[in-house]
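A.B. asks: Questions regarding the structure given below will be posed in turn.
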Amino acid sequence: MRQKFCLVLATLTLMAVFISPGLHAAEDQNSFENPILWADVPDPDVIRVGNAFYMTSTTMHMNPGVPIMKSYDLVHWEIVNYVYDTLGDSDAQALRNGQNEYGKGSWASSLRYHNGTYYVVFSSSTAGNTFIYKTRDIEKGPWTRSTIGFYHDMSLLFDDDGRVYLVHGGGDIRLTELTADASAVKPGGLNQVIIPNASLVAGPNVGLPAEGAHIQKINGKYYIFLITWPQGKGRTQLVFRADRITGPYEGRVALDFAGVAQGGIVDTPDGKWYGMLFQDHGSVGRTPFLVPVTWQNAWPVFGVNGQIPAQMPMPVPGVNSNHKIVASDEFDQTRLPLVWQWNHNPDNNLWSLTERPGFMRLKTGRTSTGILDARNSLTQRSIGPESSGRIALDVSRMKSGDYAGLAALQKNYGFVGVKMSGNSKSIIMVNGSGTAPVEVASVPLAQNNVYFKVEMDFKNNTDKAYFYYSLDGNRWTAIGNTLQMSYTLPHFMGYRFALFNYATQSAGGYVDFDYFRIENRMTGTGGSGESPQSPVQSGSVYKLRNAHSSMVIGISGMSTVNGGQAVQWNDNGSTDHQWRFDRLSSGYYKLTNIHSGKVLGVENMSTANGASVIQWDDNGTADHEWQLAPVGDGSYKLVNRHSGKVLGVDGMSKTAGAKILQWDDNGTADHNWTFSFVR
């Protein structure tokens, strides 16, 4: 059996590599890029209470359900609680008797705070009801629950006069009045259409009628935010306003940019406004975008000139917010961290973190036909632009017909794991698509401890997953085929890593998971990526940002000629700020400017301090090759192969236009660089 890491050095290494996978959020402490979370966090609803922001999202058939996320800056988010453990115990919710609730469960929650109480309201197509949960402590609970009829994509409003409403529906937007304690529909209360055919403001022909309501009362006016999908266009954000809650409402298109839509707005403590919307992002799922909002004539205006800037100042700078939507787990605690969710209801008698301390045990309690109807599959989100998840697994107590391992979970799934046949074990890679699983590859296994890895590539909508096994946790072998991932509506969820164990012949076997580790880069058959500390993927395009000035490297005047001077500049989105990193067999990289097609080198192949860094045709000289050397804080030095000197900024300047040059590595901060993924 593989021993647990216990040395301090090993622990520190694991912390540096595994604790905080990137989610494409803030590039430095002063700015951020979208999506703020490159992960499946759809239908966000955000409120601010004091200095803290809270957000809910849709997790459908996963349990516990409706995560409560917390932030102090609107960019970095941590899961701090869930609204419920399970909604019920029907056959569909518990994956019994051939039933399931994939793509159902809980949808599109509304989060509100009123008079010291937090409210979360959402509908469930499985139950056919709307649930109203409330608590005095959003981070610890407990929650109480009321149930009313089914109200599609509802939004809750506590009005100034003490009356309470739901706004809901699709196409025609309706108003339904609740009791003052928001626990039931008010007998004889308002119940009427307030915006007929709400999609019409975006055009006469729509593929998706207006829905996804968010109602807010701001400065005495009622604002209702909706989404629609005009034919031939992308998802579009709408806004309506009125002086009375019953209308009449006037509406307009609020944002038509890259399909970013659906959500409300929130203000910061100093009075800035932002919209929290989301974008369909392929198989990784639906990713949240933070959009600046300004006000003109009492209308909220989303974005800047109808677009979302590539990079923006932090909404609330100088605060400490955690980023923990996914995380590695050594299974050393007695409770599962909040990053985990079960696929459907778990059977809590069939898993344990205490029967073998330091391991997560999954037992089989019945037979299943495959992973999609197997109970107690434990999941975490995948993340973009790349994900790598791996496990260590003890399979010594499996029974004949058992399957256990690690999956890329959606309707079109793939997994790598162990199959037990009689007394023989084999490593297998399997594909499936809601039908009988297909065994693609098989390798005999003669030991009880084995390691599996699944990697997902979401760059440029590549949407491919790769599968690996290892007998020692260090040397990896690819197995099976490449899974072409696809976001399917029957599951309506981005791909997840899933730890699983199921029986096909008889119950009673079990496996022990030693750890799950997740990284934000693919490592392939190597143990730790393209080089021991490689922060980039060969062939991908990045912006190179100086850790001292926060500016990016570009070419002076966007020149395309040989000898064009490399300079630092404000990140304005121009293509001369973009560089393709190509790894050479030597382990060094060539950096090719996307605008000019020329590579980064040193003027006249100089080896002197202060020599200018320029662009030139790729003629194969050694001054065009750069090594990426980790600093230890997430930044890197770029070391020139020819001169041995590092990339820096003239005079440690923070001014736009300052020259990029080479210098001895003397430890100054202008020698440190980070990488912003472009494509």
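Every residue gets a Cβ built from N, Cα and C, even glycine.
So TrEMBL says this about it:
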type	residues	note
ACT_SITE	Asp43	active site, proton acceptor
ACT_SITE	Glu211	active site, proton donor
DOMAIN	539-676	domain 'Ricin B lectin'
SIGNAL	1-25	signal peptide
A.B. asks: How many other Cβ atoms are found within 10 Å of the Cβ atom of Glu211 (active site, proton donor), counting all protein chains shown?
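C.D. replies: Excluding its own Cβ, Glu211 (active site, proton donor) sees 20 Cβ atoms within 10 Å.
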A.B. asks: Can you work out the mean pLDDT of the predicted model over the domain 'Ricin B lectin' (539-676)?
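C.D. replies: A mean pLDDT of 91 is what the model gives the domain 'Ricin B lectin' (539-676).
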A.B. asks: Could you tally the C-beta atoms, other than its own, that fall within 10 angstroms of the C-beta of Asp43 (active site, proton acceptor)?
C.D. replies: 24
A.B. asks: What's the CA to CA span in angstrom from Asp43 (active site, proton acceptor) over to the residue listed as 'active site, proton donor'?
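C.D. replies: Here the two Cα atoms are 11 Å apart.
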